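Participant: Dropping a structure here in structure tokens format, bear with me for questions.
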Amino acid sequence: MNQFKVISKFNPTGDQPKAIKSIAKGIEKGEKFQTLIGVTGSGKTFTMANIIEKVQKPTLVLAHNKTLAAQLCSEFREFFPNNAVEYFVSYYDYYQPEAYVAQSDTYIEKDASINDEIDKLRHSATSALFERKDVIIVASVSCIYGLGNPEEYKKLTISLREGMEKDRDEIIKKLVEIQYERNDIDFSRGTFRVKGDVLDIFPASSSSKAVRIEFFGDEIDRIKEFDVLTGETITKLKHISIFPASHFATSKDRLEIAIKNIEEELEERVKELVSQDKILEAQRLKQRTNFDIEMMREVGYCTGIENYSRVLDGRAKGTPPQTLLDYFPQDFLLFIDESHVTLPQVKAMQAGDKSRKDSLVEYGFRLPCAYDNRPLTFKEFENKLNQVVFVSATPAKYELEYSANTAEQVIRPTGLLDPEIIVKPVKGQIDDLYTSIQETIKRGFRILVTTLTKKMAEDLTDYLKEMGVKTRYLHSDIDTIERMKIIHDLRKGEFHVLVGINLLREGLDIPEVALVTILDADKEGFLRSETSLIQTVGRAARNSESKVIMYGDVITKSMEKTIRETNRRRKIQMEHNEKHGIVPKTIIKDIREVIQISDIAEERKEYDNLNEALKSYNNDIDKLIEKYEEEMKEAAQNLQFEKAAHLRDVIYKLKRDKETEL
């Protein structure tokens, strides 16, 4: 077995050795929950890599979005070039979930565009877990969605060895059963082709290499791996495992049992609908389900087969789905990166899925078994965990309460100090801001400005542009690729000031930023909480000349705690620098061109069409306000501050409209 081995020109320094030793010791002692508190720029990923090397456990690293997962995966691949580092995120470029809107009698069919490259990477991740122990998978929270039964996946794997007696047609039959398609013309991922005694298979986990099986009678004579483009042999193999082309592949025997159970559930549900005088719904359900059954009998699967996953797995009603977590061996290790954001996401997922399924089941579009094709509930997620390390600069109450051990990583190897925080009065804040911006630009650096409202951000951007300052506004409507391009342009100096509400997302640790300003810092609330203030201050922690200006007439508790914590960290770093003769240096980071990655289509709710929203709530303005307040709190908890601020503005408008009516 390959051992995890970190390859790096750097050795752990500062707080890293202590944190690595402390967390690794906790894992070896069998502690279930631990927390690594690491400030921005302290090398948390390097610490994680060294912990993995020390404990030698297959590892899952959970990130709160696809882009951050890609960044982490890239870093881990640099640290572990000789081990399997895989990437597992949602494979949808675009995803419109199946839904039914009863008010308008509108059925919205599931519509999705699958990214073939990401699907390949998902197959590569699951197959790696069955082939070796030295595996790190970096995943987004989509890994808590149902994935198909790992036991069935393993059982359906075709194992071929040189010299094995095996009938060619029998292998072809098995390939079809695990959802490979024969295609002698367009040879692509998940297909096979046959020419005489030669069988070529293009594995689902590969994009450029395929396998050639050469027969001599009923015996496998040779197995080769070859380049699909050139046809050249890469290597000769003694053994090859061909994993299913779909995670939902099912054996014929199990499929027959599942179909019988689906038919029984259909009969029962149709009777129930008829007894409620829902004749149309009963007829619709019968027609749709029978069509799916016919497809399963003919080709082994159907569109939306995941809705029958509970029946296909043979699971009891209400039991948790099988997910990526079930593909890992029992002794796996989980790192939850940016846990203060990732955990609330995990908690929220199942509730949203259920509300969408309610109308599909009620109106005869799906059988009740569709409820069990869902993400894990938070309790189920907890039950599947073995050992967990929460990683965050600002861990939440949950992480700190559950952790038996907490390691702190305050010292940065670069010697960089947390920025100095200056508090200035609100009166004249815009004029003072303009002066500070001009001084920073003269020194060749960039500026981040955070505001409380969307309108203020827009007005400030317009004002600064009028004053001749090259400024851009980063708002929630900008997709991931455009966001990355804006950050790239800021670093290159195409513009100097970036204004926004939520500057806490990935990709904003920019070394060129030497000034972060927080307008209306004394307005206590979700946008100016201790967590968000500490995170915002951290945006300036990559530059040796950086500072933070908070504009506020009073010092709130959140401001006080942030200033106290920042000063504590500065003192620790200064003492370390003095002791070791370290001179703080700004991080040197290459400005890479924007990588064209396809991003998951995030469902966005439109909150601006209030008339339509009120209609759907029978013009009950109080109920709509209550709903939006819940969504605002949830968005704030997830650090989605632009969304929360927009919802807050919508709530104000609704309340004003209500007062006007009275």
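Easy rule for this one: first residue shown is 1, then count along the chain.
Every residue, even glycine, has its Cβ placed from backbone N, Cα and C.
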Participant: Given 67-90, 91-114, 331-354, which one carries Swiss-Prot's motif 'Beta-hairpin' label?
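Facilitator: In Swiss-Prot, residues 91-114 carry the label motif 'Beta-hairpin'.
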Participant: Is it possible to list how many residues within the domain 'UVR' (622-657) are helical, extended or coil according to DSSP?
Facilitator: 33 helix, 0 strand, 3 coil
Participant: Can you check what DSSP calls Gly38 (ATP binding site), collapsed to helix, strand or coil?
Facilitator: strand
